[in-house]
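What TrEMBL annotates here:
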- 390-417: coiled coil (COILED)
- 463-473: compositional bias 'Basic and acidic residues' (COMPBIAS)
- 478-494: compositional bias 'Polar residues' (COMPBIAS)
- 502-513: compositional bias 'Polar residues' (COMPBIAS)
- 383-460: domain 'REM-1' (DOMAIN)
- 535-596: domain 'SH3' (DOMAIN)
Amino acid sequence: MSWGTELWDQFDNLEKHTQWGIEFAEKYTKFVKERSEIEVNYAKQIRNLSKKYQPKKNSREEEESKYTFCRAFLVTLNELNDYAGQHEVIAENLTSQIITELTRYLQELKTERKSHFHDGRKAQQQIESSWKQLESCKRRFERDCKEADRAQQYFEKMDADINVTKADVEKARQQAQMRHQMASDSKSDYSAYLQKFNQEQNEHYYTVIPNIFQKLQDMEEKRIERLGVCMKTFADVDRQVLPIVGKCLDGMTKAAESIEPKTDSNQVVESYKSGFEAPGDVEFEDYGQAMKRTVSETSLSNSREGKDKSTSKSKGKLWPFIKNKNKSPKQHKEPLSHRLNDFMTSKPKMLRTLRRGLSLKLITLNSHIRSLFEGSGPEDFSHLPPEQRRKKLQGKIDELNKDIQKEMDQRDALTKMKDVYIKNPQMGDPTSVDPRLTEIGQTIEKLQSEVQKFEGWLAEVEERMPSKSDTHRRSGLYETQNNTAVSNNCAQNRESPDGSYTEEQTSETQVKATINPPTTTPDIDDEFDDEETLPTIGTCKALYPFEGHNEGTIAVAEGELLFVIEEDKGDGWTRVRRSEDDEGYVPTSYIEVILETNAKDS
């Protein structure tokens, strides 16, 4: 159906309808624009969410990356970030393919509509003007006809009147003829203009207006078609990103399926495995009825939680199965001088124990002071258990190798650049690259020396790693002879394993293997110069070499057999003898002790 033939008389309604169509297109444009803003805000919130839960750049991130569930969560965050990017793509496509195009088209549509309706109004004004001229001709013709009739009637009246002169009659006749002629001319004009008007009216309603209305109809149909295309594009924009969104979701699913509980639980072992073996059975020690002995809580390197935890941030390693369940009842704490006087009159064995306890007191205090000033662990990671130290050293070696490779790549690139400069001097001076090449060479040498140093430490650790077939008891108090921390906390108001009294400690402290081991203080040594030679209570075999640089220690070689003259009292040191004049302390974790039967029973 054509607007030109069916709606020839609905010019005003068509004008209102086309205006409403443009307003609807503008409303749809506004709708798409708001949808685009929603997509942008949604993508922004998704990106912020993904960024918020991204792991921080610290050492903790490296630990978390070892677990499959942490890696899966990281992949989920990355996929979610890509998912947010697809919503940004939707917003961009909506803006470029719909909003921009539709806005431009609406401007063209408004201009076209204005032009068509201008032509329509102009044609309507022309037909109205022709109609007015036709009406004017018709009224003139009507007036002239009436004038001619009146002139004819006046002539006939004058001609019938005998009292009127002949001249008046002739004048009336000429007037009547003139009026008839004017009426005849008006009739001709009216007839001609009527014919012309009919032609113009026919052309107006069957040609001009239909053409204009047809253009309006085409314009309206194009507007509707364009809206349909935009609505289809609106759906296609979402459909285009569905494959990538599906890949993002598939990535999340794949990451979730890659989680391996067994692997993660094994990773816990790899992360926290110390390399030590669990301690063996504790042998029964009967010290008789003369002294009531309490269980030494430090015999397995159990660190007691001090009352003032703020004194030291460094905590000792805790054996998980050692708990302070059987505490001896609290006693009134006597001054140390009273205790010292009592012990000075006691047996030489008790005096030796007192000397040992006071020496360890000084060691502990010295260790604590050193730990406050040393800060972070040593470069060779000797403060860590063997297994963890091996992993740290291997990681450091890998890191240095990556740095070496990076420097070598830079060197190769600069070498190629220098060759280009040599072949094409106009591109640059070849000598300008030499300082940088020299600097890189020095850096590579330095890194290679660092690698050799860490590889040496790694080889040392691997040689000293205990084998799984070893069944001897090894304490977890010491790892290596350099900078190995040991917790030596004494319980409040309790006796040492051989009955010596020790002061209460209010903070956690660490004793390192290289810090002075149990030695006698000069003042107390003078009192015990005449003490009797200790009897042999067993033998031991050195599992690791110990240099024994500090006073009171004795150097031993790996595999060497020695005599045990004083067993470990819970402080991590055992007193051994090589000859009559050669004796001292060695770390208990460095030896395998075999006590004699009578020593066990005594």
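Every residue, even glycine, has its Cβ placed from backbone N, Cα and C.
TrEMBL entries are annotated by machine, without manual review.
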Within-chain partners of the coiled coil (390-417) [C-beta distance under 8 Å, separation at least 6 from its ends]: 270, 275, 380-381, 384, 428, 433, 436-437, 440-441, 443-444, 447-448, 450-451, 454-455, 457-458, 461-462, 465
Model confidence over the domain 'REM-1' (383-460), averaged pLDDT: 86
The domain 'REM-1' (383-460) - residue tally per DSSP class, helix then strand then coil: 72 helix, 0 strand, 6 coil
Number of helical, extended and coil residues in the domain 'SH3' (535-596), per DSSP: 3 helix, 32 strand, 27 coil
